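Working notes, structure below.
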């Protein structure tokens with residue numbers, strides 16, 4: 001019963017100190033119906049004495065504590081789970097709850113009934129959203145390696161921790177309750193759950209990386225393996241009297257509920273998707289129907305004797321990933337779940353933990369068992385991934401740490417074990433503290449060890465300049481809408497595909513994903529008839545399908561749609577380029593420029609993606625600036641008698657790459673190429689003598705190769721400073737349909753004096769910015785080229801080779817996936833994707 005506020009002070013203190021420990025003894029909590037809504041403090045009423053105002057205050061405290069701890073822990077790169085768990089501890093008896101007045105006024109016993117209901121509501125919605133971003137087809141991606149990692153990651157910690165627990169019980173004198181609980185603690189700490197790993201990877205934005213795929217597959221195996229042991233442990237506690245009927249009933253309930261969700265509810269959801277207009281958001285009626293399904297499945301789980309999260313989790317997994325449903329659910333439910341309802345769960349959990357009332361001896365024993373289990377998980381994952389999958393050491397360490405992450409599911413398991421009296425209160429509190437310590441320790445280390453961009457730097461050069469002559473050319477073109485498709489097709493046509501050097505074009509339509517759902521990479525098949533499955537990519541795919549049909553046996557097009565957030569859009573581009581072994585990526589400039597010099601702002605997603613791609617790209621990249629040459633939606637190269645291409649050459653690797661592309665275009669019968677070389681006093685400028693020598697040799701080879709081509713013109717322009725450079729470039733206005741330029745140059749060169757410091761669009765470079773400025777008027781299309789940067793395994797080579805030899809280097813990209821630096825688990829995935837192409 002709730003103590004009266006008029007009771008003696010020492011009785012109130014006794015109530016406060018024993019409230020948590022005696023909570024199980026409470027069977028009834030009394031409250032008056034008329035004390036639900038306060039009439040106002042002006043009537044001398046305390047709002048905290050009424051149920052609804054008290055609930056609002058508890059919601060405010062819970063959300064405020066979660067926000068405060070997340071901001072404080074942000075420099076430490078902590079997970080949201082850690083911040084919210086710590087926020088719950090701060091409001092509990094381990095923090096502010098030690099103040100008697102605070103506890104009596106803000107968290108009285110009478111409020112715990114409603115608080116517990118709302119906290120489990122957030123728990124249910126959180127697992128539903130975790131299910132939404134979990135790919136059910138991850139089972140198809142499980143191979144021998146991930147199967148081995150998943151099994152060993154559970155077996156090793158279970159054997160070590162169980163043996164350690166029995167050893168402690170034999171050699172150390174401890175109370176009987178802890179002795180009985182210790183084997184169960186070892187078993188629970190050895191469990192590994194897919195939702196926890198999925199939540200952590202999603203928060204780090206690495207779920208769709210190759211590392212994320214391995215972690216997801218391995219945790220799926222571990223989760224299924226752990227599920228059997230967990231079910232056995234929990235159900236054994238429920239059937240302590242030897243009643244096997246309970247176990248059979250629960251297993252039957254799991255099978256029946258899963259079957260209903262998969263074979264009844266999922267088809268209904270697919271029907272709703274078909275009825276929803278293409279590219280339209282989810283209708284209000286459909287969203288309400290989905291939310292109702294969540295509530296119904298949660299009710300069925302409780303009615304069948306299962307945990308409340310089981311039904312919503314399976315329902316979330318059954319929902320098709322991607323738009324329109326996935327992003328809509330994340331957008332509408334994410335904030336209210338993570339920052340309103342879920343903090344209540346952690347506050348309720350924190351109110352059950354008092355670190356100052358734990359016995360030191362028992363606490364150390366539980367922590368040692370948890371540490372041995374964590375060490376076993378790490379050893380199992382690290383050794384298997386290194387020996388079986390040949391992972392790099394840093395990635396193997398990160399995987400071992402990921403497999404140690406704990407979260408909501410583990411907290412729910414600990415609470416259920418306490419409720420079923422498998423463990424006592426002090427053991428439960430110690431396990432929660434160990435979860436906070438382990439998860440808080442591994443998350444910043446994971447972020448520091450694993451950089452998704454590292455996988456792009458362990459391969460040899462991929463560029464147009466270093467490609468084999470007379471070999472297939474593999475390009476990746478990216479676009480956000482179909483308006484720029486004709487311009488890109490003109491450039492592809494200018495590359496002069498032939499039978500001896502066919503063009504393989506991988507088209508990636510980038511769609512910004514609203515919400516935090518799992519990114520999707522959708523491959524499409526080109527057919528003679530348009531497909532309704534193309535969705536919002538229909539216009540893009542049809543344009544390139546027509547181009548392929550007009551160039552049969554010369555051009556092969558492979559279209560994709562990538563639906564992902566702005567922050568990870570570059571990863572989809574770089575991963576596809578890496579997997580398909582492309583030598584050049586063409587990406588659009590984020591602003592659309594017109595012939596009169598006006599600028600039309602485009603999507604912010606393109607600007608974010610361009611910057612990240614330029615920093616992490618695994619091959620050469622070209623930024624396409626479309627100035628509105630095309631007045632029709634069709635390519636115009638075939639209709640022109642002459643297509644004029646100009647190349648601006650100051651020197652450097654990027655300019656050599658741009659000139660190599662221009663040399664390929666010069667073989668087209670309708671293209672005339674003009675190469676304009678800028679020099680100072682007749683000399684090529686630059687502080688690096690070796691760089692100047694490579695430039696001169698490269699230009700000498702270019703002139704010798706083009707001596708018989710009367711459509712190629714070589715011009716040298718003498719300038720003294722950046723103003724002269726800008727004047728020469730602006731004089732090219734309306735003289736060319738396409739201008740090629742390098743992105744990066746020697747900033748100390750007199751040719752750029754006064755230009756580089758004023759650069760506003762760094763992704764274009766100094767020359768590219770002049771070409772894209774309002775001073776350069778006309779309908780010219782611009783291509784700013786960046787050659788593939790130096791890679792890790794080339795940095796120790798001679799300076800000559802690191803700069804790039806003037807002759808085309810033999811391209812070994814056909815063997816790059818099998819060299820000493822390649823990663824075995826990357827290779828297997830790439831081979832599968834290559835076959836599907």
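Keep in mind that glycine also has a Cβ here, set from the backbone N, Cα and C atoms.
According to TrEMBL, the feature domain 'Cation/H(+) antiporter central' maps to 503-629.
The domain 'Cation/H(+) antiporter C-terminal' annotation in TrEMBL covers 644-788. Within the domain 'Cation/H(+) antiporter C-terminal' (644-788), the DSSP-based counts of helix, strand and coil residues read 52 helix, 35 strand, 58 coil.
Marked as region 'Disordered' by TrEMBL: 795-837.
What TrEMBL records for 50-73 (among others) is transmembrane segment.
Cβ atoms under 8 Å from those of the transmembrane segment (80-99) belong to residues 20, 61-62, 65-66, 68-70, 72-73, 107, 199-200, 203, 338, 342-343, 345-357, 407-408, 411, 432, 435-436, 439-440, 443 of the same chain, restricted to positions at least 6 beyond its ends. Marked as transmembrane segment by TrEMBL: 80-99 (among others).
Marked as transmembrane segment by TrEMBL: 111-134 (among others).
If you look up TrEMBL, you'll see 146-172 (among others) marked as transmembrane segment.
For 184-202 (among others), the entry in TrEMBL reads transmembrane segment.
Taken from TrEMBL, the feature transmembrane segment covers 214-235 (among others).
According to TrEMBL, the feature transmembrane segment maps to 247-266 (among others).
Long-range Cβ contacts of the transmembrane segment (287-310) within its own chain (Cβ-Cβ under 8 Å, at least 6 residues beyond either end) map to 120, 123-125, 127-128, 246, 249-250, 253-254, 256-257, 260-261, 265, 269, 272, 319, 325, 328-329, 332, 409, 412, 416. Residues or ranges marked as transmembrane segment in TrEMBL: 287-310 (among others).
Residues or ranges marked as transmembrane segment in TrEMBL: 363-383 (among others). Here the transmembrane segment (363-383) has long-range neighbours at 149, 152-161, 164-165, 168, 172, 174, 178, 182, 185-186, 189-190, 192, 218, 396-397, 399-404, 426-427, 430-431, 433-434, 437-438, meaning same-chain residues at least 6 beyond its ends whose C-beta is under 8 angstroms from one of its own.
Note on the transmembrane segment (425-446): residues 20-21, 76-79, 81-82, 85-86, 89, 177-178, 181, 185, 188-189, 200, 204, 349, 352-355, 357-359, 362-363, 366-367, 370-371, 374, 397-398, 401-402, 404-407, 410-411, 414-415, 417-418 of its chain, located 6 or more positions outside it, place their CB under 8 angstroms from a CB of the stretch. Marked as transmembrane segment by TrEMBL: 425-446 (among others).
Contact count against the transmembrane segment (184-202) (Cβ pairs under 8 Å) is highest for 146-172, out of 50-73, 111-134, 146-172. Below 8 angstroms of C-beta separation, residues 31, 35-38, 80, 82-84, 86-88, 90-91, 106-108, 110-111, 114-115, 118, 339-340, 342-344, 346-347 of the same chain, each at least six residues beyond the ends of the transmembrane segment (50-73), sit close to that stretch.
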